[in-house]
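Over in Swiss-Prot, the protein carries these features:
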DOMAIN    23-69  domain 'F-box'
REPEAT    126-153  repeat 'LRR 1'
REPEAT    159-185  repeat 'LRR 2'
REPEAT    186-211  repeat 'LRR 3'
REPEAT    214-234  repeat 'LRR 4'
REPEAT    236-261  repeat 'LRR 5'
REPEAT    289-314  repeat 'LRR 6'
REPEAT    340-368  repeat 'LRR 7'
DOMAIN    378-430  domain 'FBD'
Amino acid sequence: MVNLMRKFAKSIGRPGTEFWRGEDMISALPDHLLCHILIFLSTDESVLTSVLSSRWRNLWKWVPRLDLNTSDFPYPNDVTCAAFIDKFLNLYNESYLREFKLRIDQANFRSNVSLYEPCLGVVIKKPNVRHFQVESDLLEHWCTSEIRLTLSACQALVCLKLHLVWLNDFESLSLPCLKIMYLEDVVFPSDAAAETLISCSPVLEDLKLSLHRDDVVVVLRVYSQSLKSFTLKRAVPVYAINGAHTVLVDTPRLVYMSLIDYQFKSFKIISMSDYVKVDLDVDFELMRDELSERNIVYDLLNNFSGVRNMTISWTTLKFIHRFHDMNPLPKFRDLTRLRATMSSDASLEVLRIVLESCPKLKHFHFTLELVNDFPEAVITGFSRVLPRCLVFSLESVEMESPITEKATELKLVRYFLENSATLKKLVLLLNHESTGEKHEPGVLKQLIESPRRSSLCQFEVLAVPPNPEPWWIYVKPQRFL
């Protein structure tokens, strides 16, 4: 309870010790301010304040926000939580609730999530609900039961976040105020339903989609005149059986796009902003036809030939290298800023491919990783023909690397120092703890003092800060919600 009161004190700008010395200043505030303070607590914490005094007994009931975790309710969790929601909704008129958040604990495989469907249907229809969020604490492939939801016209809804929810079909839908929509492992009933959900949101700005393994959408159409940020994530590759085969994107105001675990056969961008930033972490491992795979990779990348800012993962670069001789990488003719990750063993060859594809590159940040997934023989040196960007445009390079057995990182530094005519800054970030390897004495000093093609180039060697979390610490898989 003390911690709760300290939260209150902090929310009004008074230190906890000062709060406890004097009179109860918080309780003297008017009801609407106290309710505003309680908004920053979960509903479970808010209910606890009812025992502070008679002044607080019923205040939690007037907070226009429900933030619930089913694990906080006594067994059977789903029965008691659903009953609590029903009782709360019946206490007040329909214009009261503004925000609803429900986290469903399915760790108990006896959970009955269908109990929530009636009350969720009531909440989503409330005329003044601005934030609606339903999520499960399990990963997609551990989910054993379905949470079904029917969307309807939601005139005030600004933020919609759903995780592991099966959407029922709908004939019409209107979301005139919706700006944020995160749908993670959500199953659409049809192509038309997915398209309608996006197109009926005329002010939508931020869209994140993670397709479920059971999704039946064949053609995913993302048509929006207002969308600014779009993230598309595929189901875990092992489970990617069904789902979209074609993606069409028509988003003229889009300034950020991220593709993760890509498994689509066709991806076409009709329109997007000239200043869009693209993050690519795509994977094609389920395909067996090399010709089709090669064309799909090329067609996907060709969509981004005009972007100016890009981040690309080693997963994607590995496929680019694999088919480079048969189908060269498209020219990223306007790309000036690039972040990339690559295998240290393949970096000498892959770096050449990347630089040759970016004739106007100015700023390059790349990370070397120690991965054993590159069985092909690779070159041990560079071509004498210099990429155009080294001669005319490259201004800054930042490389993060472990100390490798073959000192690959030093070879790359020498390459940039000796060949970059316009380079102004080169930074080598060394991770001294990852491999246990050490450079020969004096080698870094020699490198710092070595001649450079660009007289303006400043070269620095910095240590990567140690990771505060040991490798055995469990890291929760990245989620949208």
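The chain as shown is numbered from 1 upward.
Glycine residues also receive a Cβ, built from the backbone N, Cα and C atoms like all the rest.
Here the repeat 'LRR 2' (159-185) has long-range neighbours at 130-136, 138, 140, 143, 146-153, 193, 196-198, 200-212, 233, 235, 479-481, meaning same-chain residues at least 6 beyond its ends whose C-beta is under 8 angstroms from one of its own.
Non-local neighbours of the repeat 'LRR 6' (289-314) in the same chain are 262, 265-269, 274-282, 320, 323, 326-327, 329-343, 369, 371; each lies 6+ residues outside the stretch with a CB under 8 Å from one of its CB atoms.
Helix, strand and coil content of the repeat 'LRR 7' (340-368), in residues and according to DSSP, is 10 helix, 10 strand, 9 coil.
Helix, strand and coil content of the repeat 'LRR 4' (214-234), in residues and according to DSSP, is 0 helix, 10 strand, 11 coil.
Taken as a whole, the repeat 'LRR 4' (214-234) shows an average pLDDT of 91 in this prediction.
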